[in-house]
């Protein structure tokens, strides 16, 4: 094997990464540093410390990255109203560049010459982790066990763990049949019955939300305060970025908001079905578009809408740390200087409805837009010349005999 002296492993403490830890020690005969990130996945991360210690790991990093995740990754993404393929709010994709960044930082701190991750050779995450790592540390070695070993089934992983004395839990019938990934922005479900695109997902699959049918019969109203494109307060109470998202997840989930069942196009070429719960993100997207509707110039808003699919694709395919994403981010952030104000929302049985928006930076002028007399604020006769000039090219073409019928 390649000459690797020390490797930083993205470690959850679960079966896969525990097997990877032992496999790295045996296969590469190297020292392993473990890194466990708390991104708000809702599971205790401290048990990973004891598991790593039991396997002889001396350098263990367990980092609470929730605030950084929302402040520096989720919020910047939502400033662009980012959606991949019309529906997916990129909950998994946006977490990977932060993990890659921290892996490289720890590698630099510990003198490690390699990093390792547990992403499979079929998915997008391998690309996201590694593109980020190479962008931040060009000479780093990346070890992806799923592309090297022959442990290609869960049963083989279990056998390997038992053979090498790795503590594992044999789950009974209550074990979820789905592959799940969670952070503060969302929780995803793949595999199991979802691999049949005609089979409806099971109701007990969902972890964060009630079904819209069982949501309260009374609507919930909330007000979100924006400053420079980011939410800074809920119902007038200022909160940190991570607290904002956590609270919106709780409120949205209680009202059956944020469920999604889609088939997406993976970067590696295949189609994949996934179900997602993104209650807070669903609310944030609706509210952000609402505050922009009164604060953004028309052409700026339209240009943002044109750029968004490219920006979304860059995040989905792992190019967060690319120069083109950084360039787009500067443009997006510049557009948010005047995106300030308050949005009022009605949450009811899976629906998010904007019922009010206001801002000191609003470009909406009721005196001009009114259907009543406007006191001369807008001269309707001016529209005739405007229409004639915009019709000029079409009239010329028609006069040349270029029929459209």
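The backbone N, Cα and C atoms fix where each Cβ goes, glycine too.
Among 200, 202, 203, 264, only 264 appears in Swiss-Prot as part of the L-citrulline site alongside 88, 93, 124, 128, 179, 188, 276. Cross-referencing 37, 80, 95, 135 with the ATP binding residues that Swiss-Prot gives (10, 11, 12, 13, 14, 15, 16, 17, 18, 118) picks out 37. Taking Cβ-Cβ distances under 8 Å and a sequence separation of 6 or more, the neighbours of residue 118 (ATP binding site) in its chain are 10, 12, 16, 17, 20, 145, 146. With respect to residue 93 (L-citrulline binding site), the closest of these binding-site residues in Cα terms is 125, chosen from 14, 18, 120, 125. For the ATP site listed in the record, the two most distant Cα atoms among 10, 11, 12, 13, 14, 15, 16, 17, 18, 37, 118 lie 16 Å apart. In the shown protein chains, 18 other C-beta atoms lie within 10 A of the C-beta of residue 16 (ATP binding site). DSSP assigns residue 93 (L-citrulline binding site) to a helix.
The Cβ of residue 264 (L-citrulline binding site) lies under 8 Å from the Cβ of 84, 85, 88, 271, 272, 273, 274, each of which sits 6+ residues away along the same chain.
On the backbone, the CA of residue 124 (L-citrulline binding site) and the CA of residue 14 (ATP binding site) stand 20 Å apart.
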